[in-house]
Amino acid sequence: MDQTMRDKLSQLVEELTTSGEPQLNQDKMKEVKKICRVSDSYIDHFYHLIMTQLNQEHAEIRLSAFQMVNEVFSRSHHFRVLLITNFQEFLELTVETDAEQPLPPPKEVARKLRTLAIQTVQSWHATYGEAYKKLSLGYHFLKQIKKVDFQDVEARTLAERKRQEEKQKRLERIYKEKLDKAKQEMEEMTSGIEETLTEMNNCIRLLATDDFNLFDEDSAASISTTAEDQSDQPCCSKDLSNEHNGKMMEKKTDKEQTDESSDESDMEEVPDEDAFLRSTGLMSYRYQLELDVSADLKVRETEENEALVNTVRDLHRLVTTRHLPLVQSWVQVFTKVGVEEELMRRATELKKSLEHVLRKHEYLHIDYKDRERLVMRAPEDGEDDDDDFVDVPEKEGYEPHIPEHLRTEYGLDETPSTSTSGTKAKPSRPVVKCAVPPVSSSLSRLKRRMCDEEQDPTCAAATLRVLKQKLHPAPSTSVPDGSSESAVSSSDQSNMTKNKASFKAPVIPFGMDLYYWGEEQPTAGKIIKQTSQHQFWVPHEVEEEVENKELSAQMKSRCITYAGKFKPVEHKCKAPMPNGSLCERQDRVKCPFHGHIIPRDELGRPVNPEDALRLEREKRKREEEQPDWRDPELMREIEAATGEDLGSSKTYGKGKKGNKGKSKKKYPNLTDLKQKANTSRSRLEKKVFNKSSMRRVTEVMNKMDKRKHEKFANQFNYALN
């Protein structure tokens, strides 16, 4: 066997199986078949190459390899014998007969491979089943043991069909539960929906008096047709036609009159046109009038229809938010599942009725009033409790004057008589038992309850009231003189200026030497010496104070760091890079990649000869320390001979030629299995399981555990947790 043809066959098989194409390249496949015709040894080598590719964990490689098997299987008896000898392993790698060894990804290609393999095995059995016993056994194994349906277009296995049946049963069970729930809801809610429709229709009919049946489509159509018939006649002719029609009815009832009398009566009934025009003063029978009548009906909310409008608004909200979505869900479930016609008809009629009543509501164009909501706000410091509620506008029709016979009932004093005093007396203020604003009954009850809670010493309201009184003491009732007032005002003004100055002034930390500047420190360098360190037994001796000289020196001295003036770095590293450029880092002393920075020229060569000699010695030393087998040229030769990557292309550092360490893909045409799909789950995983995020979470959890252990370190109960 020629080694050149052997290598060429290996290269062709690798190129065909790693192309990633759904179909084989016929030109290269012809070369493979041409080499296999030479000798059986090439077929043996081809068989081993194919089985190696079928064991790869990539569905695209297996699909291309199986297509090559199908091409050679029908042309070589020797290849058929080799393949059928190891037919069980071949089925495991292509048909997925072993559940513990599923086909590798991508899933779509794996599904296509399994379908193609089952169809091909069926065609092989039909053609070569009688000649090859193991092929027939393999076919019956798939059909009877693995329950493969060869007539199925998708050629699904037993496990797939079971999964599909379970999924279908689960969907049927879910739909059945939804159907039962919809039927139960329909039985319970139908009466309520019909009552809501009746109430809303009645309210709309009361708001818009429909004397002309505007909401009835049949009546509206009949009215429009009669209007169109009469639109071509003048107004006076319409009256004449009505009068003429009435008299014609009278003529039909009178059947005993002769033809002459009927003609005379007809002549008498028809008025003279000229006489009619002269009597009415009209110039012509036909006149054209243009009237702009608004077709939109608009209902305004007033005091008279306020109750109706509120009811319509509540019912409209109930229909739009509750009833209509519920009925639509019923119709959707009934459509998917398929129910009896009567149930579907009832649901459809309910839906149409709800939509019709909503169209009526839109036709009315109701102008709702703005509703004011009474909101309680939190009282600020220094405010009275009476200001906790928002002011309510006066009600329409309210009269501030209260009659005399009702003043006692309202708790007001009687108005003095006008005979005793010449001036008009003002009504006295009402007697208020508790600080409750007369807003409404609910507000008064709320304020009364708050007052009761303040009187109860066990409530939090009483404690808050005491704290408010302490923070904001009541002003004294005595009237100060002018001098005290001026003193207080001057002190307040000085305090305000100090506060402003302290607010603007920066806060700088200082030591004890500045705190006791110009004074003698009382406890400078003195510490208390405890002779006994026992936990329970303490001696009777008095603890003595000892002066520490180091501490005294620290209290009297200060160390001030002089930072100096910042000088920016103007030089660059300029060390040669693997890609041919120069290092642009501007470190002050040392570059983290190229060591100490030395002066270099524009080409990156050292300016000083001493630096050049030192760099040459360091380079020679590194080469001597490196083993001989790490020589790049030797490694490249070994790689070319063995076909394995020994790392000759890898360089120390950031990579070369600007690739930043990214190696070239060996088979770029194949689908990258390591590349994750850009889904929401992958994006969330990338953010949540990021190293920095995990580190921050770990630090926070460690701090929490540390605080817990420090707090409960001496309690044996928490030591067990």
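Placed from the backbone N, Cα and C atoms, the Cβ positions cover glycine too.
On a predicted model such as this, the values are computed, not experimentally measured, just so you know.
Look at Swiss-Prot and you will find 155-203 tagged as coiled coil.
The feature compositional bias 'Polar residues' is assigned by Swiss-Prot to 223-234.
According to Swiss-Prot, the region 'Disordered' annotation covers 223-272 (among others).
Summarising the annotation, Swiss-Prot assigns ubiquitin cross-link to LYS395 and lists similarity to another entry as the type of evidence.
Annotation source Swiss-Prot lists region 'Disordered' at 409-433 (among others).
Look at Swiss-Prot and you will find 472-498 (among others) tagged as region 'Disordered'.
The zinc finger feature in Swiss-Prot is assigned to 570-597; the stated evidence is sequence analysis.
Feature annotation from Swiss-Prot assigns Zn(2+) binding site to CYS573, CYS583, CYS591, HIS594. HIS594 (Zn(2+) binding site) carries neither a helix nor a strand DSSP state and counts as coil.
Summarising the annotation, Swiss-Prot assigns region 'Disordered' to 616-635 (among others).
Annotation comment: Swiss-Prot describes 641-721 (among others) as region 'Disordered'.
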Problem - C-beta crowding around CYS573 (Zn(2+) binding site), within 10 angstroms - result: 22
Problem - Cβ atoms near HIS594 (Zn(2+) binding site) (within 10 Å, other residues, all chains) - result: 17
Problem - Average model confidence [pLDDT] within the zinc finger (570-597) - result: 91
Practice task
Compute the mean position of the Cβ atoms of CYS573, CYS583, CYS591, HIS594, which form the recorded Zn(2+) site, and then list in sequence order the other residues of that chain whose Cβ is within 8 Å of it.
Solution key: LYS572, LYS574, ALA575, ARG585, ASP587, PHE593, GLY595, ILE597
Handout entry: Counts by DSSP class (helix H/G/I, strand E/B, coil) across the region 'Disordered' (616-635)
Key = 17 helix, 0 strand, 3 coil
Handout entry: Which same-chain residues, if any, lie at least 6 apart from CYS591 (Zn(2+) binding site) yet have Cβ under 8 Å of it
Key = CYS573, ALA575, CYS583, ARG585, ILE597
Exercise for the section: Could you tally the C-beta atoms, other than its own, that fall within 10 angstroms of the C-beta of CYS583 (Zn(2+) binding site)? Expected result: 18
